[in-house]
Amino acid sequence: MKIATFNINGVNKRLDHLLAWLAAAGPDIVCLQELKATDGEFPKAAIEAAGYGAVWRGQSAWNGVAILARGCEPVLTRAALPGDPSDTQSRYIEAAVSGILIASLYAPNGNPRPGPKFDYKLAWHERLKRHAAELFATGLPVILAGDYNVVPEARDIYPTRSYDDNALVQPESRAAFRALLDQGWLDALRKVHPEDRLFTFWDYRRLRWQRDAGLRLDHILLSRKLTRRLKGAGIDREVRGRDGASDHAPVWITLRD
DNA sequence: ATGTCGTGACTATCACGA
């Protein structure tokens, strides 16, 4: 079974990219972020025609998350991250697919820092941590996949000083990600590729793709029950190189049956 | 500070988020 996460940066703007990648990569479950579409604008018919059922939570202009499942309908379990009913941003959706509970998440970017955006980022991660602990404690097979907007370690970014003040690399941001690993979640990409340079995002500006000036922001975390099923993992970098591509590449893992 | 995109205000640029 192949499970992927992809920050699509506009699901309608890049629908042809998405469909081409689905056909080529053939993932069984896909977590999407940054739909940049309202619920009504989600391209349900095209995704259905490609052979995928879907659940989604959209929002006008920004954010938006979805879960696709090949040949079946995901069973929605949550459409918001618990802990703050006043939070209206569409950044979390969770569903049951093929005996796995899977979440597609899009953590806040947090820039500029310091300020309310960074405070919101940390508060959101705190809520994620609380919910993740509950999920982990169930003992169920659970996957938390998405754009965490955190560069976990120094080796997960190209050598530069230009991100020193950026919310993506701050100690508080890294501590939030580390706290999930401390609960027992497995960073699947790093587990499969312990020594490799792993980038999943390249800013549109300053020729960062051409220079391979990337960052690792998109992560797939596995609960205890799934760690021994982990078989492979990768990043579909070629997708980032296409004309009009998202600024993120799809990230995937494979699990033994 | 800047770079480059996407979207949504509004009709040709500008604000905002990333």
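The backbone N, Cα and C atoms fix where each Cβ goes, and this holds for glycine too.
Because TrEMBL annotations are produced automatically, they should be read as predictions rather than curated entries.
Feature list (source: TrEMBL):
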- A:ASN7, A:GLU34, A:ASP147, A:ASN149, A:ASP247, A:HIS248: Mg(2+) binding site (BINDING)
- A:TYR106: active site (ACT_SITE)
- A:ASP218: site 'Important for catalytic activity' (SITE)
- A:HIS248: site 'Interaction with DNA substrate' (SITE)
- A:HIS248: active site, proton acceptor (ACT_SITE)
Between the C-alpha atoms of A:ASP147 (Mg(2+) binding site) and A:ASP218 (site 'Important for catalytic activity'), the distance in angstrom, to the nearest integer, is 4
Rounded to the nearest Å, what's the C-alpha distance separating A:GLU34 (Mg(2+) binding site) and A:TYR106 (active site)? Just drop the number here, would you?
7
Return the single residue from the recorded positions list (A:GLU34, A:TYR106, A:ASP147, A:ASN149) that has the minimum number of other CB atoms within 10 Å.
A:GLU34
Three-state secondary structure of A:ASN149 (Mg(2+) binding site) from DSSP?
coil
For the residue listed as 'active site', which DSSP three-state class applies?
strand
Check: same-chain CB within 8 A of Mg(2+) site center, minus A:ASN7, A:GLU34, A:ASP147, A:ASN149, A:ASP247, A:HIS248:
A:ASN9, A:GLN33, A:TYR106, A:PHE201, A:LEU217, A:ASP218, A:SER246
Counting other CB atoms within 10 A of each CB, which of the recorded positions A:ASP218, A:ASP247 comes out lowest?
A:ASP247
Residues satisfying Cβ distance under 8 Å from A:ASN7 (Mg(2+) binding site), sequence separation of at least 6:
A:LEU32, A:GLN33, A:GLU34, A:TYR106, A:GLY146, A:ASP147, A:PHE201, A:LEU217, A:ASP218, A:SER246, A:ASP247, A:HIS248
Number of other Cβ atoms within 10 Å of the Cβ of A:HIS248 (Mg(2+) binding site) across all protein chains
25
